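Single-structure report; data block below.
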Amino acid sequence: MMNVFGYGWFFAVGAVIGSYLNVVVWRLPRGKSVVDKPSSCPFCCTNIRALDNVPVLGWINLGGKCRACKLPISSRYPIVEATMGTIFVVLLIVELLAGGSNLPGGELTSGRGFAEVVFEMRWPIIRLYAYHAALFCWLLPWALIAWDRQRVPRSTLLVGALVGFGAPLIWPDLHPIAAFASQASPRMAELFATLVGTATGTLLGLAVRWLENRAEDDLSRGWAMPAMLGTIGMFLGWQAVVTIAAAVLPLYAAADFIAARRGKLVRRGLFELLLTGATLLYICCWGLLVGQVWLPGEAWSVVGLSVTAPLLLLSFVLLSFASRPQEVDWRRFQSQEAVSPPRCEPVEFIT
């Protein structure tokens, strides 16, 4: 019974946070405040009652419609809430209640379950769980913002950097694996791991962004990629962001390449959503993956990059070909009578 209540409580906390993140995703990119106005129907602007605003259950109870105008409310709201709740529960099971057995170096405590870990306040693993859960409070909203073709708000980047850099300086045990083997003090090792991870992820993201957007005039788009990869490196280290990028980027690059050959575009935000899911999977299997000699670990080696480096290089090549500007042969669209290519000058309308 205690386990059922515990799982439900952690799911509810995640769902409540997901409900708030729904507001962040919709309002912040559009320059609106997230605190000065309560949640309301997107059609009739009627404020949503407190009981109707309960995560997941409120939407189900109303049948996905506004109580006032009866118009549909997007199912994305409960999906995001349920997703965040599920992420909190997954991390609870594989990390917190398992004493950190998923982490590099093995478990942080011999305790297991709610009684021995949560109620006895085993702070090292509790802090690490909270730190990793907080990571997804940035990854998922940024992925949804990219899906909506909006720009990542700078304020979210600043808050993410404050948490990502500040927490390890206060509690120097939030990075289970150091950037490199060294004799530095714990806080200096944490700072170095955070800096190296952030730089590695950001550079990877900038490379992807440049390759994707170089054929477009608007180079301001695509900031979610460097933001997400940089934040993953900040929270988990350079080894994690390189491995995760090497797993996700080839799939996305191949899809982008195939779509480009067919004259289509891959849906924006797809890479970011895949990245979020891959990050959760990586944390669940962290200790197992870092233990593989052919994946990046604490000891820098060429063998440790023997898989990830070729995959990343292949991804960059595919993205480069996919984003190459295409020459258009206008003669294919001409009939027997000469037809000139469309002009870009504005059209004047006579009224």
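Using the three backbone atoms N, Cα and C, a Cβ is placed for every residue, glycine included.
For 6-28, 77-98, 128-147, 191-211, 223-252, 273-294, 300-322, the entry in TrEMBL reads transmembrane segment. Per TrEMBL, domain 'Prepilin peptidase A24 N-terminal' is recorded for 13-92.
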Open item on the list: Quick check: do the transmembrane segment (128-147) and the transmembrane segment (273-294) share at least 3 Cβ pairs under 8 Å, counting only pairs 6+ apart in sequence?
Closed with: yes
Open item on the list: Six or more residues beyond either end and a Cβ under 8 Å away: which residues meet both conditions relative to the transmembrane segment (77-98)?
Closed with: 6-7, 10-19, 21-22, 25, 55-56, 59-60, 107, 112-114, 117-118, 125-126, 128-129, 132-133, 136-137, 140, 144, 280, 283-284
TODO: Could you tell me how many residues in the domain 'Prepilin peptidase A24 N-terminal' (13-92) are helical, how many are strand and how many are coil under DSSP?
DONE: 43 helix, 4 strand, 33 coil
